[in-house]
């Protein structure tokens, strides 16, 4: 009997990790597919893309209930692979050799993380989660994350936000790690409530809910600022790397994901994480920049056009047109591809 109990517990933990893994992969598939659906530019396709994102985020939310963040968070890189592969076949956007290498690195790194993922024990009440959240180590992490974010918001953002990508993404990543911890706490409370152990009566449940909402608002606000200011191909891998590292660190401190694991397993997970981040960076480096939105510009030809005004006349010339030396002109580049 003594040996059977640990075996049953290990089997349950493995089953929960498997559920989390499947949900995380499904989330990445939906989110990655949504990018392609939206890019089709059709109204009906755009609506389908939004629904796919919502389904993906819900699956990702549920995945955190069953599996540790060190397993779920890195699997978000799979959405990039799904997007790249579908773009290759549906949008005829050629996946270059370095892009294929990036996909392979993401898959290899994710496999290493899955094989060495920790066995996390789910708390039996929201009070236990509160005890984990109020332990000195995690309070120190929370205080540090909030302090750094405030410095970046109040001091660095007005001065360097438009020129240094790390300002906005630093805020998103630090606050985002706290978002995941709050969402995980809420998810566990919901799961326990559905199992018949009502957690709605505990004030801690509502505190976690308020924290999650506040963190999500701040995180999305500064993520949108980063996307509006910098190239998406640069923002995505940098944000993914910072967010993943800080989220895994926060989860390791709060939920003790690495407690009881051997040094070799921890080292393997770190190597897998580095491999995934490297693959994400390589894959994004091969992406072509998105063309201008059709809402703002009309379709452009492959030629360079110039609007030329001189001597009181207005003319339109192609790049191979020659102007006479007597024509005094002010040349303004209108657009080109």
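Backbone N, Cα and C define each Cβ position, glycine as well.
Annotations in TrEMBL come from automatic prediction, not curation.
Owing to the predicted nature of the structure, the values given are computational and were not obtained by experimental measurement.
Of the candidate ranges 137-154, 263-280, TrEMBL annotates residues 137-154 with the feature transmembrane segment. Taking every listed stretch (98-117, 137-154, 166-190) in turn, the largest tally of C-beta pairs under 8 A with the transmembrane segment (73-91) is reached by 98-117. Counted as Cβ pairs under 8 Å, contacts with the transmembrane segment (202-222) are highest for 166-190 among 98-117, 166-190, 234-255.
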